[in-house]
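Let me begin by presenting the structure, written as structure tokens, before commenting on it.
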Amino acid sequence: MMSFISLLLVGIMFPAIQAKQFTKCELSQVLKDMDGFGGIALPEWICTIFHTSGYDTQTIVNNNGSTEYGLFQINNKVWCKDNKILQSRNICNISCDKFLDDDLTDDMTCAKKILNKEGIDYWLAHKPLCSEKLEQWHCEKL
């Protein structure tokens, strides 16, 4: 019985994937280095991510035969590799499941590559929802 309890505690303390549901201000702090990258202001990123994934790192969306992962909803046909599409271009040279944890370093690196290659319109929510009137997406705590 004691070993079961020990194993249970280890499982609770070290989950396989550490996911995070960010708040607007937490995410603003983590993404502050993206402010102005490619001409995109931080509030635009925060708004776009909200409408794309709801600030949830474990968001997975199946979309017309492909799958999109994480906060930035990065697609497995082009940007990352998973076991669903074996012929992925994998431009970011990363496993898609890396976009489901709470370390956003690799997510931001890949999002910057996407922005450089595709522009902000890769994220369909940006143009209709996040290109103007961004006051509500600012965080005063920065």
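In case you wondered, yes, glycine gets a Cβ from its N, Cα and C as well.
Per TrEMBL, the feature signal peptide maps to 1-19. Annotated domain 'Glycosyl hydrolases family 22 (GH22)' per TrEMBL: 92-110, in sequence order.
With DSSP classes pooled into helix, strand and coil, the tally for the domain 'Glycosyl hydrolases family 22 (GH22)' (92-110) is 11 helix, 1 strand, 7 coil. On the 0 to 100 pLDDT scale, the domain 'Glycosyl hydrolases family 22 (GH22)' (92-110) averages 97 in the predicted structure.
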